[in-house]
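Asker: What TrEMBL shows for this protein is this:
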- 22-154: domain 'MRH' (DOMAIN)
- 257-380: domain 'MRH' (DOMAIN)
Amino acid sequence: NEALTYTGPSADELLRPFFRENRCSYRIENYWTYELCHGKHLKQYHETKEQGKEPKVQEYYLGMGNHHEQMKDAADIPAEVTAGVPVRSVDGVELPYYEVIMDGGSRCDLTGKPRKAHVFYVCQPEGMGEILELKESSTCEYEVVVLASYLCSHPKYRPKSQPVNEIKCHAMHGSPLKPRELTHAEVESRYLQDSGQDYIMQSTSTEAPGSSRQNKLHRKQPVISGQVGEPSVQPDQQSALGAVTDKQTLRGFLTGSQCLIGGAGWWRHELCFGSFVTQFHSEKGRDVNIFLGYWNKDKHVQWLKDNPQKQPRPADVRKHVSLFYSDGDVCDLTGKPRTCEVRLKCIENLRNPHALVLVLEEPESCQYVLTVESTLFCPILKHADDDGLFNHVEL
């Protein structure tokens, strides 16, 4: 076994070019840029540039470290060889990793504690320190996966090849080419990949801030015919959405009796139309909520007056309307309440006309834009009034 007889450099020594040569890697996202200076710090920042003014930089340190001062000596190699190397799943592949913990970051306003980051270095033959994955695993605690070719020379850090055993299946006499449940699962998978996340929170009344989410989630499914030689897939009548169900969905959404939930990963977001927009996650059996804005008609109308470019376009060319939710939770960066612009957007989607897709963005600190896209909005947008309201829409 090569791993047992290995006497080469330890993982610390292999990664020395990262930790001792002041190397930094970057990951650029829509709003934030992330800077990982290996073994030293992980930082997120955003730079705002205005003509004729000094650039404004907002930044948080997600973790600090002096790993180059804590590296193992060559004498510790036998312990590393005999000890098990932890693995984690990355894109469905189990990869051994070398972990560097960075703590003592900027104070988190939600926990009152310093931010902390776990940096996982994994073998990738062409990796030069690129950040493959970065996510918030719990409140103000982060996980980063970094690609490093140096680790590949250590047998314990190479990806383990999985044995593949061929399975041949033959349909019995009179049976379909594929099991009905498999066909149904494939149809559902294709639908979800095409339409994105498509969930509606079913409730009988608008959820009050701070209350527990115990309502049932229902996923909408299309009626799709099977391929030649396979049975047609007919979801039950409750999940087959026709014109009547479309109207019920719109009516429930516009009256606030159905709240939409979107997002994936640690933070998710919820829109209860005509009530509030919130960002939330569940941690240790309780919900953590950050309210991005509440509905106030008078403040919405004033916002349109202050921002005439947000007013609805003429009905015959209108593709979206914007609604302003204000007075959310106070932002620790700006000292002001959060706000959220909700855009209801008409998207012609002939393949999945019943899909509702939510996208949350933060173009400025604690100023959010939540876009809800659907074919369902196309017939009603022209009936919105000059303020983008649907007071006189009949469904």
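Using N, Cα and C of the backbone, Cβ positions are placed for all residues, glycine too.
Locate each feature and note its surroundings.
Answerer: Across the domain 'MRH' (257-380), the prediction's mean pLDDT works out to 89.
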Asker: DSSP helix, strand and coil counts for the domain 'MRH' (257-380)?
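Answerer: In the domain 'MRH' (257-380), the DSSP-based counts are 19 helix, 61 strand, 44 coil.
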Asker: Pull the DSSP breakdown for the domain 'MRH' (22-154) and write it out as helix, strand, coil residue counts.
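Answerer: Within the domain 'MRH' (22-154) the tally stands at 17 helix, 71 strand, 45 coil.
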